[in-house]
Amino acid sequence: MSLLHIAVILPLIFALIIPILYRFFKRIHLGWFVLSVPIVIFIYMLTLIKTTMSGNTVMKTLNWMPHFGMNFDLYLDGLGLLFSLLISGIGSLVVLYSIGYLSKSEQLGNFYCYLLLFMGAMLGVVLSDNVIILYLFWELTSFSSFLLISFWRERQASIYGAQKSLIITVFGGLSLLGGIILLAIPTQSFSIQYMIQHASEIQNSPFFIFAMILIMIGAFTKSAQFPFYIWLPDAMEAPTPVSAYLHSATMVKAGLYLIARMTPIFAASQGWVWTVTLVGLITLFWASLNATKQQDLKGILAFSTVSQLGMIMAMLGIGAISYHYQGDDSKIYAAAFTAAIFHLINHATFKGALFMITGAVDHSTGTRDVKKLGGLLTIMPISFTITVITALSMAGVPPFNGFLSKESFLETTFTASQANLFSVDTLGYLFPIIGIVGSVFTFVYSIKFIMHIFFGQYKPEQLPKKAHEVSILMLLSPAILATLVIVFGLFPGILTNSIIEPATSSINHTVIDDVEFHMFHGLTPAFLSTLVIYILGILLIVTFSYWVKLLQRQPGKLTFNYWYNRSANVIPNYSEKMTNSYVTDYSRNNLVIIFGALILLTFVTIFSVPFNINFKDVSPIRIFEVCIVILLLSAAFLILFAKSRLFSIIMLSAVGYAVSVLFIFFKAPDLALTQFVVESISTALFLLCFYHLPNLNRYNEKRSFQLTNALIAGGVGLSVIIIGLIAYGNRHFESISKFYQEHVYDLAHGKNMVNVILVDFRGMDTLFESSVLGIAGLAVYTMIKLRKKRQTQGNEVKNHE
């Protein structure tokens, strides 16, 4: 097993160990044990920077099911390394922050188990080369995030948010599964790199469009893009460390990773370019607009996260235009990939810090309601400093890193509007317009975030707690991120050669050299747009109290949340009514539906698929076989008209004994003996049960012939006969019985073929079947013992009274 595999599996192993440690080390905060895991992974990933800088990649394989093309293949290039550094680096800071945020009285064993499970799943997503393995880790992120969001499960809002995120992201996961299966059909491979190398085969496939749509749905749901963004604001009910981790650097970035990774395959389609770009821009505008009217600090950050993800998504869509050009023209549009990667890093730094500060404010004051907050500037000066740095970076104000990536975003929108491709030159003017409007509202909610908390009147009477500055443990992580915001803003070259260029080269088909970011590069359209954004943003902030009321009056029926909640109520009710229409308490009706569907399916298949019935190799029917069958049918027929339970049991046993005799004639004496034993025991058990039944020796109701029952019974029998004959006459492969005949004696050293098959060749089946019976028996025994114990206790109470 390689170190790369260990890096992915390590969090999953610790996720199993942590609950055990929690039981034995309750005096020490469990976070100190967990902290070592992401730090070790982060240090290991740092050692791989030189590998990706030189243009090399790391490919490691762990055999799993090689015959099916299913191996645990890990592939690390610049893009995978970038995400791995974010997952482990931000993960380390989040764990450190959680030590100060969560008290020892919390269920820390569960929390860190879920967190490490999520961390390992995210590493698996960004490093897997096998799409099936990627999908398994993808769904594991949804499952583990559900556990994290619902951590405070005593809160109804937490349960609602967790269910909502699970439903939407799992829906996207199923779409992703369909998409990757359609990708694997033309290439006959599950390897992502093989698919990229043979992208032309996929593009010529009739499944290309369907695969593209399904994969985009999977990515959009995970990264909370329009209109699937509604799960993210409700997921804010999770503890703040979860929000800082999942919703700034990891889970919501998984969709961006998928789009970036699949761009070499789908960039040839204009549908990919238009859809990814427009969905990103619409998400940017809509979420930034909604962020301004939120009354909860986490609500503001939730919609701001959706907005920033939309910006990155749009840049990935614009960058795909580069696949339709060559040389310098291609590099012009590929600059959008560079901007997307840079902003992805920047967003993780400033948004992670802002989430942590929000948690600090909540921890200090007991509320996140902006109506109750204000005037905390002198009370929480360190938190104020961190907030100003990171919020201004989010607003796109120099000299912070967010300004550089925001400028790059505006440049890409102006560049894309001039592309003579896919009719972009006709409608492309919308790109910079939407980008500028979205950036204006981004500026507004970023500045208002600072003002809501630290400026205005201090209202101690409305705060559940007396406000105070939080501990150093809660300030250290956001302070580190705020420092990175400044460093990456003033010295972006630290990232360009080591991280950004290798990551961009993983997405783009041409090599990007000499990536540079500057605070000022002339009076360009992007710079002038920035000035317009500042001016309009300040005007909107000054008039905030007037126009924000209009947004807050938005009718509920015009929101996606309204329709989600309505569907969540209507669909279960409709499903229940539909199910109750055919599933009843009457077993006979249920069996009619089940067997009727079987008969219908059988005969539809028979009349739609060509087949042959071959009677040449059928053994001749002997007279004693006919006699046994007549006896069997007679016993079964008499059961229908039996008026005594005892007679029904005897006739049912006669059917079983007749089958045993047939086994003898077909040279299977062991099966016959087994059947005899089973029938004898079954008959004895029936008689014992019969003894405890009410004393009714005869049925009072009059039996009448029911045509439906007869047709269903006859249809099932006929279906089984026809299926057996078709299967016997249409064998496309050699019978497996020959294998047993050749190897039953030399491999298993047995003389009875049936016994050897059951005990050796299918020994695991027999073992598990026996285990199931044993467990069922223990369960029945336990219930009987508990019942007797309760009856004894009840009698004792009565005697005492």
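Every residue gets a Cβ built from N, Cα and C, even glycine.
Below 8 angstroms of C-beta separation, residues 7, 29, 31-32, 34-35, 38-39, 41-42, 45-46, 48-49, 52, 111-112, 115, 119, 122-123, 126-127, 239-241, 244-245, 248-250, 253, 257, 260-261, 341, 344-345, 348, 352, 356, 359, 363, 470-474, 476-478, 480-481, 499, 502-503, 506-507 of the same chain, each at least six residues beyond the ends of the transmembrane segment (79-101), sit close to that stretch. Feature annotation from Swiss-Prot assigns transmembrane segment to 79-101 (among others).
What Swiss-Prot records for 131-153 (among others) is transmembrane segment.
According to Swiss-Prot, the transmembrane segment annotation covers 243-265 (among others), on the basis of sequence analysis. Only residues 6 or more beyond the boundaries of the transmembrane segment (243-265), in the same chain, are considered here, and those with a CB under 8 A from a CB of the stretch are 79, 83, 86-87, 90-91, 94, 97, 115, 118-119, 122, 125-126, 138, 141, 145, 148-149, 172, 176, 183, 192, 195-196, 199, 202-203, 215-216, 218-225, 232, 235-236, 272, 276, 298, 301-302, 305, 309, 312-313, 316, 319-320, 323, 337, 340, 344, 347-348, 351-352, 355-356, 358-359, 506-507, 509.
Look at Swiss-Prot and you will find 270-289 (among others) tagged as transmembrane segment. With a threshold of 8 Å between CB atoms, the same-chain residues lying at least 6 positions outside the transmembrane segment (270-289) that come near it are 209, 212, 216, 220, 224-226, 229, 259, 263, 303-304, 306-318, 320-321, 416, 421-422, 424, 430-431, 434-435, 437-439, 441-442, 445, 551.
The transmembrane segment annotation in Swiss-Prot covers 339-361 (among others).
Residues or ranges marked as transmembrane segment in Swiss-Prot (evidence: sequence analysis): 373-395 (among others).
Positions annotated as transmembrane segment by Swiss-Prot: 589-611 (among others). Residues of the same chain lying 6 or more positions beyond the ends of the transmembrane segment (589-611) and with a Cβ under 8 Å from any Cβ of it are 582-583, 708, 712, 715-716, 719, 722-723, 726, 729-730.
Annotation source Swiss-Prot lists transmembrane segment at 621-641 (among others). Within the same chain, residues 647-648, 651-652, 654-655, 658-659, 661-662, 665, 703 sit at least 6 positions outside the transmembrane segment (621-641) and bring their C-beta atoms closer than 8 Å to a C-beta of that stretch.
Among the features that Swiss-Prot reports, transmembrane segment is placed at 646-668 (among others), with the record citing sequence analysis. Packing against the transmembrane segment (646-668) from elsewhere in the chain are residues 622, 624-625, 628-629, 631-632, 635-636, 638-639, 675-676, 678-679, 682-683, 686-687, 690, 697, 754: each is 6 or more residues past its ends and has a CB under 8 Å from a CB in it.
According to Swiss-Prot, the feature transmembrane segment maps to 672-694 (among others).
The annotation transmembrane segment is assigned in Swiss-Prot to 707-729 (among others).
Annotation comment: Swiss-Prot describes 767-784 (among others) as transmembrane segment.
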